[in-house]
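See structure below.
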């Protein structure tokens, strides 16, 4: 969408820049535009509901061909370009139906030319505004996902930030996932071509720091926020060998030690399996760790490689194909096991943290066929093979006794047992809650206890009615329940009109943007936000090496946003034991 006086005479080499040009685009005086003095380029976007959006802005070059399984290269537009930023960018390689359990979500544009940004800002934002910048990293088990997913529509978030008096700019980074973002072999290690998802994200953040001021953002006030694997990526960036290029972090259902298989074995094993399926291991002298294997896989057509990748992924996780390929220690992006880095205090200071989880994070990951303690022990031993039988017995008899868990569900309570509920809670704490608490304390300790840390537990779900109507209300406050609230898009995206649900979305969205703006926790405006929110370890006057026995976790939702002292006390006792284990 460009000015007519410069359209004529454009060289064919600028086709990528002008790829969506139409005659009507040339005469859209209402379209917002941004001039970037760094590249002397102009971006033409869209506007709706008081929010301006700029879509499909490339920060990296095409990752196909010789750039497959290689570090991202910056994309630099030709000077004086007029760039159409009104169309969503392509999703990075993944199935057109990313999740078999969700056949209604179908991607129509999948390409290796996918390293792009989605930027949104309040209407009429000036380049001099210096608004806080919130950068979103999506989840999806390190396997699927895109910045343009309808669940991440930023309009409601931006609108609420304006209403709340803390306007922000939103940026979502598109990056490689699955094998394309987490291939792992000796040859790739030697060329520093591992953890490419994180390298993509890093390049995207560098673009933001260099160019966001043209959009009215403050490059010195960046908050990263993400959910699931997105939160894990953020936590790993904090522990990376590189300078941390952001100032605050919001970790929703993810931590650096959420995964306990980060030595690269899983990704390497599955990389070899994909290579075999693609006939890239057929020669006797062609070993999986050789450069020949990488070169062979670079020649495989994208769709064939995606198919082979997810055949292997679904052999690891038959339901979703998650985490067959995942972040791994490489000495470059991830210098060591995250638990070791946190224990040694090798973490940067002055990164403010807001982190939390949903009450029933693991309910959809634990089979309802668990009826007894023996069933529970068998499941836990399979999921966590490094835990011995005596430790599992201690968990199930002392720390997670069935007497602590009831089946008080309004929907078919007979479908689950106390043993299932205990197992769900234990799985949640092993994979997420206790690692989050340990990481939060380690980050606070690294700053000599001067950096604020806030924790929360979500106790309400926008999906409750749908779950009850489907007969699975016992699943409770499921994973991903926080995302619709944070983006404040219940009505537009999920057709949820309940006033109380939408009120919580407005308040939660307001608190997230307030945190990013530095106005957190907005005690004086509790009706517009979640109100008073005490620091997790705010009562400790002395900075101790040992984690305190008590922590403040804000309950969000049905309890009127109050802490539940008894439950948090039990949680800390359980985490005190879990965080001493190696598993």
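Keep in mind that glycine also has a Cβ here, set from the backbone N, Cα and C atoms.
Of all Cβ atoms in the shown protein chains, 23 besides its own fall within 10 Å of the Cβ of residue 84 (N-linked glycosylation site). Among the features that Swiss-Prot reports, N-linked glycosylation site is placed at 84 (among others).
Marked as N-linked glycosylation site by Swiss-Prot: 109 (among others). Taking a C-beta cut-off of under 8 Å and a sequence gap of six or more, residue 109 (N-linked glycosylation site) has these contacts in its own chain: 88, 89, 90, 91.
Residue density at residue 221 (N-linked glycosylation site): 20 other Cβ atoms are found within 10 A of its Cβ, drawing on all protein chains shown. Look at Swiss-Prot and you will find 221 (among others) tagged as N-linked glycosylation site, backed by sequence analysis.
For 265 (among others), the entry in Swiss-Prot reads N-linked glycosylation site, with the evidence type sequence analysis. In three-state terms derived from DSSP, residue 265 (N-linked glycosylation site) belongs to a helical segment.
Counting only same-chain residues six or more apart in sequence, none has a Cβ lying under 8 angstroms from the Cβ of residue 307 (N-linked glycosylation site). The N-linked glycosylation site annotation in Swiss-Prot covers 307 (among others).
Remark: residue 350 (N-linked glycosylation site) has 247, 447, 450, 451 as non-local neighbours, by Cβ distance under 8 Å and separation of at least 6 in sequence. Sequence annotations record features per position, and here Swiss-Prot assigns N-linked glycosylation site to 350 (among others) based on sequence analysis.
What Swiss-Prot records for 388 (among others) is N-linked glycosylation site, and it gives sequence analysis as the kind of evidence. DSSP assigns residue 388 (N-linked glycosylation site) to coil, not to a helix or a strand.
Swiss-Prot lists 448 (among others) with the feature N-linked glycosylation site. DSSP assigns residue 448 (N-linked glycosylation site) to coil in the three-state reduction, placing it in neither a helix nor a strand.
Residues or ranges marked as N-linked glycosylation site in Swiss-Prot: 468 (among others). Mapped onto three states, the DSSP output places residue 468 (N-linked glycosylation site) in helix.
The annotation signal peptide is assigned in Swiss-Prot to 1-23 on the grounds of sequence analysis.
Ranked by Cβ neighbours within 10 A across all protein chains shown, the glycosylation sites 265, 448, 468 are led by 468. Listed in sequence order, the same-chain residues six or more apart from residue 388 (N-linked glycosylation site) with CB atoms under 8 A from its CB number zero; the list is none.
Put simply, 221 is the one of the glycosylation sites 84, 221, 265, 468 whose Cα lies nearest to the Cα of residue 448 (N-linked glycosylation site). In this structure the alpha carbons, written CA, of residue 265 (N-linked glycosylation site) and residue 468 (N-linked glycosylation site) are 40 Å apart.
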